[in-house]
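What TrEMBL says about this one:
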- Gly56, Ala57, Ser58, Asp62, Val88, Gly166, Asp171: ATP binding site (BINDING)
- 53-242: domain 'tRNA(Ile)-lysidine/2-thiocytidine synthase N-terminal' (DOMAIN)
- 369-399: domain 'Cytoplasmic tRNA 2-thiolation protein 1 C-terminal' (DOMAIN)
Amino acid sequence: MPTLCVQCSKDRAVIVRPKNHQKLCKKCFITTFETEIHFTITSNNLFQRGERVAIGASGGKDSTVLASVLKTLNARYDYGVELLLLSVDEGIRGYRDDSLETVKRNAVQYEMPLTIVGYDELYGWTMDQVVEQVGKKGNCTYCGVFRRQALDRGAATLGVEHVVTGHNADDMAETVLMNLLRGDIARLSRTTSIITSTPSATAVANPNVLANIKRSKPLKYAYEKEIVLYAHHMSLDYFSTECIYSPEAFRGSARALIKNLERIRPSTILDIVRSGEDMARLCPGYEDNCRAGCNTAAQGEEEEAGCGSSVGRSAGGEMQKLEAILAQQHISEDGNSNGHSIEVEVKKVVTRVSKVKPSKKAPVQQTVGQCEKCGYMSSQRVCKACVLLEGLNKARPKTGIHIADGYI
Ligand SMILES: Nc1ncnc2c1ncn2[C@@H]1O[C@H](COP(=O)(O)OP(=O)(O)OP(=O)(O)O)[C@@H](O)[C@H]1O
């Protein structure tokens with residue numbers, strides 16, 4: 001006797017929600033997943049009618065699901081926003097060039113205009129060249145800092161003031177835990193925010209600077225496993241290969257820790273995210289930050305410094321395992337699986353957690369200014385990207401710092 005969906009009590013349950021172990025049919029899972037994202041959007045006032053919103057599109061599962069869900073919700077609930085795709089070409093041959101082909105197909109599938117900005121044109125360096133120079137270790141830092149600016153610069157070129165990214169609950173939980181393990185409560189407060197935006201003073205003083213760009217994460221409370229399940233059941237076209245360069249070891253360790261906890265407590269991911277939010281509220285200056293638009297842009301500058309979460313994730317290869325299992329399940333036309341287990345249990349990932357030195361730093365509140373070299377918002381005299389570029393360009397004495405014209 002097949003298990004029936006606990007929501008409609010009609011169709012056969014084909015999914016055990018990783019979040020709460022609820023057994024749902026395909027239709028109810030899809031509706032529930034979309035409705036929860038809608039709730040995140042409306043309860044946090046993420047969108048304004050008439051707004052042009054650029055989706056940071058990497059071709060991976062998170063941003064593809066984000067684009068698909070936003071298209072659906074925008075039509076279903078009439079948000080009245082204009083959706084565009086914005087991709088950054090980091091210049092990683094055999095990885096980003098392939099994933100950008102997926103984004104190009106997505107642009108056609110979702111009828112959204114696509115803009116691609118490249119590290120090459122913006123900074124004079126591709127990631128392949130950066131790795132050639134600095135080696136694989138630590139290259140994620142360059143990529144993360146450059147990507148953040150590249151998205152803002154792309155948005156500025158398009159005249160778009162809001163960029164949404166596919167960061168999910170797993171990413172958020174990992175970031176909370178990493179900051180906690182580093183003893184960096186100030187950063188913890190900055191990274192838990194669903195919206196990062198620019199303090200109005202900077203924007204008013206310089207209406208055309210890049211600082212005036214809002215970032216938000218509509219998938220902040222969505223479990224990564226559910227994102228993969230949604231992509232699978234909606235037959236979305238996404239690119240699942242991970243970055244060819246070295247994983248960010250610390251994030252991988254935080255992830256492994258969370259995964260182990262999740263085995264005995266399914267709500268672990270959301271619990272960590274909520275705890276991060278609660279701790280952020282206790283952080284000195286939280287109220288001021290929120291009044292200024294819930295987290296300043298310069299703070300955002302370091303928010304995702306380091307490579308994205310996907311690489312750290314590859315330490316356990318968990319999502320690939322899930323994707324492989326889903327592919328084997330041969331979901332039939334009516335959405336029923338062929339009898340395999342509908343819950344995907346993830347094998348224990350054995351990763352050594354490196355020692356974390358206690359930080360003696362007191363939480364520091366930062367003030368936003370502009371980088372004196374490129375004009376990007378920064379809490380320092382020179383922004384992180386320019387500092388990194390300066391280091392890189394030392395090996396290229398004739399090149400000088402290359403920040404694309406028109407942004408300074
Ligand atoms: N090259 C890129 N171009 C545009 N947006 C990007 C790019 N890389 C990452 N992003 C944005 O940042 C989010 C988080 O990136 P991350 O590197 O953590 O990848 P991820 O979690 O695997 O996401 P995805 O599955 O969308 O690739 C992505 O969902 C996307 O919105």
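Positions of Cβ are set from backbone N, Cα and C atoms, glycine also.
Annotated features, which come from TrEMBL, shown on the structure.
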residue: Gly56; record: ATP binding site; CB count, 10 Å: 26
residue: Ala57; record: ATP binding site; CB count, 10 Å: 31
residue: Ser58; record: ATP binding site; CB count, 10 Å: 25
residue: Asp62; record: ATP binding site; CB count, 10 Å: 27
residue: Val88; record: ATP binding site; CB count, 10 Å: 25
residue: Gly166; record: ATP binding site; CB count, 10 Å: 25
residue: Asp171; record: ATP binding site; CB count, 10 Å: 27
- Note on the structure: Grouping DSSP H, G, I as helix and E, B as strand, the residues of the domain 'Cytoplasmic tRNA 2-thiolation protein 1 C-terminal' (369-399) number 10 helix, 4 strand, 17 coil
- The predicted model's mean pLDDT over the domain 'Cytoplasmic tRNA 2-thiolation protein 1 C-terminal' (369-399) is 83
